[in-house]
């Protein structure tokens, strides 16, 4: 339960420290640093119990800087990808080289950990399970390296067993919060899953017993002539595989061929075990996932509020004796500037005007606490500058033909025409490119796409067109320009030496096809679905990490167990190619289906094999193949992988996508007002006085690619506009928070607060008053 | 939208009819009939706009009688199973025989429809889409029979095309409400599914184009030596199949064998199209299913209330001039007796005491309206009679040894001993039954199980032991007694002629294994899961009907398209068996895998084939097989089946199981108080005065099989007890209602009611006052 406490590190931080600058004295740089650290921690939901001494705060700021973080992840990547170069290697490197790199990585991780130890109090450091875990991993790695090195030097058999531990670094670094949370929610769901799994296995065992009794004595044979359903353990395996549907209907055919009635047995089996039990697994996983995540998010929200209250305590001053403590605009500005130096002055003023809606020049605690959420709302600043051409030669740019051109490009028909061009292009791509007419048509299409981009740049303000959020504009331009470059390179090569690089041609083809994707964006219904997918994308990355951790462990174990048992021969005429270089595989389905390249001989093919096992189909052929070359019990490895990855992790992934989609749908359709969106509405009101509300709402709906459309040079616009990407969240936590916010009981937050906090508009400070 | 109006048929029924017996006059038999029809309709959520004339009410009572309903379903079963006897037949019957039976069925359906036409007003009858649909189906069937008969008589080619329409009868009979609702929720989800599907197909087409460009020109070949990825349509089909994972990793192997990098293409494809899009399909289906079902249930609840209000209006009398109308206990009793003649007087009195909690002898409208819900709560009446043996010879039954025996049987150890016996039995079943020691051990186990049942019957009151809700007691007894009979028959046959009937032996084996299932019941965690599954069982039957309707249509079409193209030969040495009797199949995977019996040659094998297609694995082999013997476009049939059944129906099934499990879990865990359970709590209070609350709650938790345990002869008990199977619902509608009740806004019900209805405890009658 050590991880659990991670959510409340600041709880007792006030113990050994009195309120800094509680009075009206001027704030020092240290105060601003401390406050900005609290705000930034609240914004990103970091829960690190750091020392509040100025020196530690400076170290902590350095610790949170993006550069060491990126370096850390880079070295984690390096240590993980060492598997590519280590025996069994894709690209073999001498042992000393990989050892040296690994040593370097271990040093980096040690340094990072030492840095962390300086930031947080000593006793907290030793109580935190994730630090202990990293230290143990690093120490075991060193031990393993020494043993391995000396054994190798003595030419003995040696095993790099510590490689299995490497992904633990990814989980236990401070930044791996999302990943740890995913693991925790899995661990919490395990007991429930376990009981359903036991019942499910009981069902499989019962059906196997029945199958043995019904079919074992009938003298049936499989396609290969082997006896059918005579060995109980084989039946259990076959029926387990049937649950995954991978051997359907083959496993049924011998029985079905002998009598119609046996089909009933298999249909009942599939109904109960595949359909009902697998749905129950999903239901159990989904239910638990939701329940525990909700609890964690609740704690996160509470911790966030605590941090903001502490930041407020640092910055507060009293306007008059006995009055409520407040934060002045100057101090607030200073902190916001420190926390997010990337936002513009205007944007900051907008945020201030939301906080200080009475325009008093200072804000109380309630308004201040909102800041973390406000910073998490993506506000897009639109500067309605005139087009550069308009500034350079207004006479030309504002002339009648130029205006006509602008109107044409902005017209709906322009989009339709280009959609048609894309469709024609798709047909041309499908045709044979050896035909010179078709090969040359490529230049026409390239030219058309280039013209489109240039026209749009002529009409829309370039900086607006290429703003950070204009995903499709960026996408278009990059694809078209790369296609142009690749096509030119390709034809240069072709015309110079008659030689065409296959790689470049591949890139050209991929780019051509990718260009067609743009058509999706012009259909509104598709855009909604795509936007939803893009929005849940970052959160899906957490699952990507989760999968990589699990895959890595299985790949390392699999490589030790199965390496070089099955080999792939590039030359199909090699006699060894027919049985994958292993006589035991002669005549097996594994060899017949040319599965030799599906092996554990290096980390890349191991990963690909694990993906195939995740997809499930034919996994029984793969697992049987490896069982034949080693031992029947090798199947346990594959069944275990199936249970972990398919039954648990994939179901959690499905649960996450379901939940995320429901949130997106309910927000799209029913205007569910989460607290974040209420704030956005206030922001919209602040902009409404400029009479652009409708345009803003439109722009929100049709999101990025229409961004420039508001800025036609004809209309008179205010020089600065804000657009709120209301459904965007800067962090995964913010999305999760929103996912469960509707379900959270507001009273739960009030738990640690003064009971009259909501009414008098001020929080009691639990951290300072209750201890 | 004709079906939608089905929920409000009674809305305007009051138009042409004044309030019957609004005063204090004695109620006639007709009044009670009418009121009981309203109450019964409300209880079962029947929404039939019947005529309220006494004659029509009598006809309507007859219409709702169980016998004509059972007959109707019997004849639907007959007409559906005619496919077994018609060409292509499993058991061929002469044409005149099936035609005669079908004619009989058509007559029965016509009669039933005529009966219905007499019950409801003429204009309503003709406005109802389902009546029109049945009439059209019946007429088309007649036309088809005449054409088919005359063509056959003239020895021409003839097609029984009207067979496709038969399942429409199942959907459109008055009793098919659940099924119609399932179809409606699918129809409503279709637009959303359609857009996601378009996007998904766009993605498949784009990837196919990329695959064609990347892989088509490399001269790769598949295992069979065919060119790999050269034909665009073939690629689209292959990649569509890959989404279903059925050809993974085979479709990837040629490319993967040529280079590592192509694996990336396939992994990205699977990630996007299999994992992301399939989850999105589930999310969209689930979301829509929930949304529309919620709306329908809301309307059902409103309609139910209307019906109860009308029943009240029929029964009401005024105690004093100008007072509130009330219903007296006598009238209430009379109606309840008519609606449910099966409940005991005590149970009825209990229900009355819940309605009339002030013990006034009459109830108002609010209390009366509850009646429909009250009747839907399963109340089990426990009569604590003494054991028959106690009555017959109390001296013996209450003697010390007898009491000791009773205590032993009731002890926890007794259950554990029998669980161990079951486990030993499982091992013995697994061993070879040819061994005479093991064959004889079967008698020992049978004897042990018989002794267990006899002991339990000695200890527990037999009628309590075999009460309607004691699922496991019934299960045990039936299994053990059948096993005893089958074993005796089997050994008699064996000893008499040395001949062992394989069928009887099979039954013996199945019964032996089924006996082992009992062990599940003694583990509490398992029991919870099993009970949940049993509870959602009836609702799953609706999906069973849905699947049968869809399967039937596809089977009929498939049989016309593919019959006798692929044939199965019993004798594997027959040279035709190698290519399923069709030269086109020589050397194909279809023939190699011995799939010949997977054909459309009769309705039974068609259904089994469709199950295999639903399971998805190898469906591409099956569909390619049928495409080879007919035409490539035959694959469309199979792809269409996949879209309808796997993407839509299976997802709705999963959505239903998920939702049902969530309801069960949240009720189990968080004591969510639905309105139904509030009523149950009142009922519990009524029983609590007998000081049995704890036992009752225990009994509720551990449900059926412990039912008898309360009734040990030692304790002094009241002679009558009630137990509420709180989580049981008599009808699927009631379960659905509970599933969505928590989400329903209570204000929605009040829409048609007087605004002060909730406060003054009386409803305005919208039906009579607002028109």
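Just so you know, glycine gets a Cβ as well, placed from its N, Cα and C.
For A:1-19, the entry in TrEMBL reads compositional bias 'Basic and acidic residues'. As annotated by TrEMBL, compositional bias 'Polar residues' applies to A:755-771. The domain 'Ion transport' annotation in TrEMBL covers A:75-292, A:414-664. Sequence annotations record features per position, and here TrEMBL assigns region 'Disordered' to A:1-27, A:746-771. Look at TrEMBL and you will find A:66-85, A:91-111, A:132-151, A:193-216, A:228-248, A:260-286, A:413-431, A:471-491, A:532-554, A:607-629, A:636-663 tagged as transmembrane segment.
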Residues from the same chain, set at least six apart from the ends of the transmembrane segment (A:607-629), whose C-beta lies under 8 A from its own: 237-238, 241, 244-247, 551, 554-555, 558, 562, 565-566, 582, 584-585, 588-591, 593, 595, 598-600, 635, 637-639, 641-642, 645-646, 650
Distal contacts, the transmembrane segment (A:193-216) - CB-CB under 8 A, six or more residues away: 228-230, 232, 235-236, 239-240, 243, 255, 262, 265, 269, 272-273, 277, 280-281, 284-285, 288, 643, 647-648
PLDDT averaged over every residue in the domain 'Ion transport' (A:414-664): 86
Cβ-Cβ under 8 Å with the transmembrane segment (A:636-663): same-chain residues at least 6 beyond its ends: 182, 185-186, 189-190, 193, 197, 237, 240, 244, 281-282, 285-286, 289-290, 532, 535-536, 539-540, 543, 546-547, 550, 554, 557-558, 561, 610, 613-614, 616, 619, 622-623, 626, 735, 738-739
Within-chain partners of the transmembrane segment (A:413-431) [C-beta distance under 8 Å, separation at least 6 from its ends]: 438, 441-442, 445, 448, 452, 509, 512-513, 515-516, 518-519, 522
